[in-house]
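Pulled from TrEMBL:
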DOMAIN    3-140  domain 'Nucleoside diphosphate kinase-like'
BINDING   LYS11, PHE59, ARG87, THR93, ARG104, ASN118  ATP binding site
ACT_SITE  HIS121  active site, pros-phosphohistidine intermediate
Amino acid sequence: MSSEKTLILIKPDGVRRGLVGEVISRVEEKGYSITALRMLHADRALLEKHYAEHNGKPFYEPLLEFMTSGPIVAMIAEGNRVIEGFRSLAGATDPTVAAPGTIRGDLARDQGTKVVQNIVHGSDSPESAAREIAIFFEGK
Ligand code: DAT
Ligand code: MG
């Protein structure tokens, strides 16, 4: 099977809490290659594109507010089945019930906010990965 790419984001909560190294280590220790990486303070327009599928949901505005609240780290990870593999490393969306051993299960919890703060984003399909990589890494 040919190698695949995924977009990973370390969200503002992950950066604020000093977990950039921890997340990168987990990706590298699993054996995936990080082939592009940047830190940025994303603006609303960029995040509207990235989160277009959630427009209209109750947590959409809080999500954009949270994601623009501080710097984030964007990276491309590569490897066979990396899309599925990183979603597995990240764990369930809700960190309260995300399995221990996962990034969200080990490092995040309910903060009582309108949007779930869960440290990382990972693309959920090859189509999303291609779309999201083009948003954060022009030309890749
Ligand atoms: P995931 O990040 O696991 O792919 P998603 O794409 O459904 O989850 O949602 C994007 C982010 O929005 C998610 O990481 C946290 C937040 N979120 C999702 N569902 C939510 C909900 N019901 N209430 C509050 N925040 C939510
Ligand atoms: Mg998603």
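Any Cβ shown, glycine's included, is placed from N, Cα and C.
Features recorded in TrEMBL, as mapped to the structure shown.
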residue: LYS11; record: ATP binding site; Cβ neighbours (10 Å): 24
residue: PHE59; record: ATP binding site; Cβ neighbours (10 Å): 14
residue: ARG87; record: ATP binding site; Cβ neighbours (10 Å): 18
residue: THR93; record: ATP binding site; Cβ neighbours (10 Å): 11
residue: ARG104; record: ATP binding site; Cβ neighbours (10 Å): 23
residue: ASN118; record: ATP binding site; Cβ neighbours (10 Å): 25
residue: HIS121; record: active site, pros-phosphohistidine intermediate; Cβ neighbours (10 Å): 21
Of LYS11, ARG87, ARG104, binding-site residues neighbouring ligand 1, Cβ under 6 A: none
Counts by DSSP class (helix H/G/I, strand E/B, coil) across the domain 'Nucleoside diphosphate kinase-like' (3-140): 59 helix, 26 strand, 53 coil
Inter-residue Cα distance where the pair is HIS121 (active site, pros-phosphohistidine intermediate) and ARG87 (ATP binding site), in Å: 8
Cα-to-Cα gap, THR93 (ATP binding site) vs the residue listed as 'active site, pros-phosphohistidine intermediate', nearest whole Å: 9
